[in-house]
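**Student:** Before I ask anything, let me first share the structure, which is written out below as structure tokens.
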Amino acid sequence: MRITSNGAASMQLVTEALCMLAGFVCLAVYVPTLYASIPGGDSGELAAEGCLLGVAHPPGYPLIVWLYWLLSRPALAWAGPPAYRFNLASATAGAVAAWMVARTGAHAARFVRLTHCLSRPQAAGGKGQRDLPWADGTAGMLAGLVWGLSPLVWMYHVGAEVFALNNALVATLLALTADVCARAADGKVPGSLLVWTGALVSGLALSNQHTSVLALAVLVPAVFFAAQLHNRPAVLVGAAACTLLGLAPYAWLFVGHSYFRQPGSWGDCSSWAGWLHHVSRADYGTFQLYSGSAGRAESFAERTGLFATEVLLRQLPTMWETEEPHAESLIPSAARKVPAWAQMSLAVGIAAVAAALCMGHQPSPGATGTAGAEGPRKAKDKTKSKRRAADHATLPSKDSLEQLPPRSLNVIAVVVVSLAVYIAVFHGLSNMPLADPLLYGVHARFWMQPLMQVSIIGASAVALAGYRSGFPTAVNAACIALLSASTLKNWQGQDQSANSVIADYGRGLLESLPANATLITSYDFQWTAARYLSACEGLRPDIEVLNAPMVSFKWFGAQSHLYRNAVFPGTHLVKALTQPHADGGFSLPDLVLANMAPSDSRETKDRLDHRYASMKVFKPRIVSGAAKSSGALAIAGDVMHKADLDNLMNSAPKAVRSLPAGYSTTFRPSMTPVTCKEIAHAVTSVFTAHDTAGLQPHPHFKLDTWERATYIDSWTRTEDSASAILEESIAMNPSCIDGVVGAAALFERVLDKAEALGQKPSASLLKNFGLALLHIVRGKSAPVLPLRLPLAATSLENLKSLAAEGVLKVWGAFLEHPDARSDSSFDTVQSVMSQLATILGTRS
């Protein structure tokens, strides 16, 4: 029997069902492995702007901001905290993306099937060819699952980020383009609704993330040619209108900054120049991914080789990593261990497979049917041949074989060209140094989009092998089974359902601050964690959170009036003693000194003469202390232009002194004495931050993750804070026992962490820990607040006894440390050790 219209429809339904099944499988995997709270990266900032309906960092991401705003409404509180709702939205978008990748893969498999039938007619009648209705669908399902369950994609589909929605939109564009090409290949004119839907999705994709333009650069010309839009002006005008409609969310940037400006929103889009500045990403460099000073560290060939190796060593199911996630051997990536020549060989190999699939098999003249390969025959022989072919309902008819598209229009060609354009442009423009593990991880997330095309190409290659073997569905099913086994094996490493590291760190950062403080963060994970908790969960509403890089842009002058806890003595943060400083900017010392003065004496002029704000809207003003809070200024991390602050702290006579507040540092005039009670509260704040963050000795995360960055910062700040507390405590007369004991307990935690990881502690840690124990032995003051005792002591008197022995042990390790002799305190420690050993020997 021949394929009837009903039979073709049934085949299409089977294929669509299998492709949709790929999306449901991915959703079933994503939901149980969702992040417990907000993940790292830009997630916290995007979530906060969504909760407040603000403007995110360039280019603004208005589509996802509006989506998050809708999901954050109180009516949806039953679904869980805002972070969980946003994470679930990413999982849903990721599942849609996997479905669309599967649909494109099915189209590609169909093209392979048709070219296979043309080139190998003798195989078309084999027994295994009876399962062809399932073959296209299982090939598409394989493409969707290989992509959707790859570790990189899986990770970004279980947390709130812009990438899941971008993947869904770009994958939809690929699938719609494949639909257009397939209709054109079947001799049909693609309908206007299909073209207009693609145009609308194109605009929405550009409203979500700019990298989608790299896909559109290929897909738009392909649709224009396949749909013959040059002969259909009405359809073309409608497509342009739909594209503009999809871009409409960008209008919110102007409206939001003109009428609903929120503290923490990025930029100043209240004018045309400011809007264009923001949308074009001019703050970062329009065609740059990285705004840091490291610049281009790898060449185009190196980045392409790393991509190919990353795909084959970490993303394909047969090569996924099985080591413990905290193993240092995996850092920064297995890809970086492969020689450069091998990386490029892998890239060339992928390109060769893609080219072979793209070329297909062109029939020789006159070989358009199943009998064409045998040359002219008698009419009787032709009739018999057609009857035999008709017995197989799945074999394409002669007419359908004659309607195969030219090479430039086939689906695989479109996929391959879009992959090549993305790699060429992205790797040509990307300037992010990949030697840094964290930046490598940031760069790798932009490989999800080309990984779509690689998955489709790989599934097409498997489909070709299956068709040639005569059992395509069995081959595809075997690959899916292998993928399922790999997914189960890697479930634990991808499961983020207990991962609240970023949120816990943010809580530790905020909960340890004094009332009405202004927190200036230095790192992205500090800013996004604190921003989300403050804006979406209402944690510490008395605290205002700023990001130092944001404060350094000229447009900050248009936002400074939104912050009520701090005074800004100029337009924006600049380096001291430079021309921008003279032109109205403020340095870190200016900022610190302006916010240390008593609230009733604060007065400064904000000069809002930046080049974007309209002076009739944002006028210079006088900000008086009556309108400002007297909260402390706290700085977290190594803030930009830190050298200026160090010069202020080390000036003679000393004008400023600092005191830890959890993972941050607060400042006070040097003439104001520090009391032991304040030091005791500082100790409590560090323990609060440490305990709230839930720090463990083992990192449990790789160096290319934001969780590992918070781990490193938390332990570093714990040790630094302990050192600062010890310095202030022993400077008092008598020394503050609360500070000394607290510092010793913090040093002990850091030392225990090093021992748990099998690491050698630093010489400075051993020296300071021993110094704290020595002052515990000598201490005579009474504690102000309840103490956290180190050395498993049961009382302060018991601690003094244990501390005497502890000094000998800790300083003994210090004197044996290879870096100890370069320390200026080496001789003093050695002398004290001798005296203490003599005293203890006499007592015994």
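From the backbone N, Cα and C atoms, a Cβ is placed for every residue, glycine too.
I grabbed these lines from TrEMBL:
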TRANSMEM  20-38  transmembrane segment
TRANSMEM  50-71  transmembrane segment
TRANSMEM  83-102  transmembrane segment
TRANSMEM  137-156  transmembrane segment
TRANSMEM  162-182  transmembrane segment
TRANSMEM  212-229  transmembrane segment
TRANSMEM  236-255  transmembrane segment
TRANSMEM  340-359  transmembrane segment
REGION    366-401  region 'Disordered'
COMPBIAS  379-389  compositional bias 'Basic residues'
TRANSMEM  408-426  transmembrane segment
**Student:** Could you check if the transmembrane segment (212-229) is in contact with the transmembrane segment (408-426), meaning 3+ Cβ pairs under 8 Å among residue pairs at least 6 apart in sequence?
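**Tutor:** Contact criterion met.
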**Student:** Suppose I define contact as three or more CB-CB distances under 8 A, residues 6 or more apart in sequence; do the transmembrane segment (20-38) and the transmembrane segment (408-426) meet it?
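**Tutor:** Answer no, regions not in contact.
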**Student:** For the transmembrane segment (236-255), which recorded stretch in the set 50-71, 83-102, 137-156, 408-426 gives the largest number of Cβ pairs separated by under 8 Å?
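**Tutor:** Most Cβ pairs under 8 Å with the transmembrane segment (236-255) come from 50-71.
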**Student:** When each of 50-71, 137-156, 162-182, 408-426 is checked against the transmembrane segment (83-102) for Cβ pairs under 8 Å, which one has the most?
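**Tutor:** Between the candidates 50-71, 137-156, 162-182, 408-426, the best contact partner of the transmembrane segment (83-102) is 162-182.
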